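Take a look at the structure set out below.
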Amino acid sequence: YGKNTIKFLRLHREGKKHFVKEVEVCAHLRLTSAQEYLEGNNSLVIPTDTIKNIVLVLAKKNGIPSLEQFAIDICNHFMTTFCQVAYVKTYVQEVPWQRLYEDGVPHVHSFICVPDGIRFCEAEQCRNGPLVVFAGIKDLKLMKTTQSGFEGFYKNEHTTLPERHDRILCGELFCKWSYGECKDFDFNCIWKKIRECILEAFAGPPDCGEYSPSYQKTVNSIQMLVLSRVSQVQVIEAVLNNTFYNVVDMKNLGLENDKEVLVPVEAPYGSCACTLGRKKFFEA
């Protein structure tokens, strides 16, 4: 049980310059006894309103140096403060506020919400067990207008999809990864590096791009690049929900439409998913 959607803004001031973190937190506990379920005995139950207040107090006292560290702080607090807590799981996601720039100059206290992917993390711990930390990005919408195709696929009497060697590749990406033993990581730096890997693997070199023969291959390329460059990541899960675009037939309007006007196919949509990890992790 626990408290969901604890939303708040944490404002940090350094002189005239302000910093903001707006987050949504879900904190769930499992107690050492189930007597509140079986007997209606609430003597060990920490009220969910108390859980909410603890999250807010920790934000006030510790700040939010990174989403991961804040989630770790929440887990540590419940484990060290309440002996009846057997398990804690914390989810934190961030509202994508970015500092506003005017003519290249950063504003000291103004921000703009830029929906270019939502950062999130999870931390969970069992009593006498290791602390496990996950991080990720979701709702990241990506598109490239060429260097993508889909050919040579299996066909039978139900196949109507034509082969394409040049198409728009567009989708919404969910990506979640797990760390090994959490040491003194710079979670903010690691997250930015992984996001850069995702964009690079999707797009390819800026002057020419890189051909994608399928959504599946693109997902795998993202995962392989992250694992090759970020040693702290042990397992990475990726889900790419596809958005297809169909070329509008304008012959009846007396026009040739050379893939210049297209309409999105909102539903149904395809989706591909893959989980990839280091061999030593799965052997363990």
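Positions of Cβ are set from backbone N, Cα and C atoms, glycine also.
TrEMBL entries are annotated by machine, without manual review.
The Cβ neighbour count for Asp49 (urate binding site), using a 10 Å radius over every protein chain in view, is 9. If you look up TrEMBL, you'll see Thr48, Asp49, Phe150, Arg167, Gln216, Asn242 marked as urate binding site.
Taking a C-beta cut-off of under 8 angstroms and a sequence separation of 6 or more, Gln216 (urate binding site) has the following same-chain neighbours: Cys272, Cys274. Summarising the annotation, TrEMBL assigns 5-hydroxyisourate binding site to Thr48, Asp49, Phe150, Arg167, Gln216, Asn242.
Annotation for Thr48 (urate binding site): same-chain Cβ neighbours under 8 Å, separated by at least 6 residues, are Tyr1, Gly2, Lys3. What TrEMBL lists as O2 binding site is Thr48, Asn242.
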Would you count the other C-beta atoms found within 10 angstroms of the C-beta of Asn242 (urate binding site) for me?
15
Restricting to the same chain and to sequence separations of six or more, state which residues have a Cβ under 8 Å from that of Phe150 (urate binding site).
Leu161, Glu163, Arg164, Arg167, Pro213, Ser214
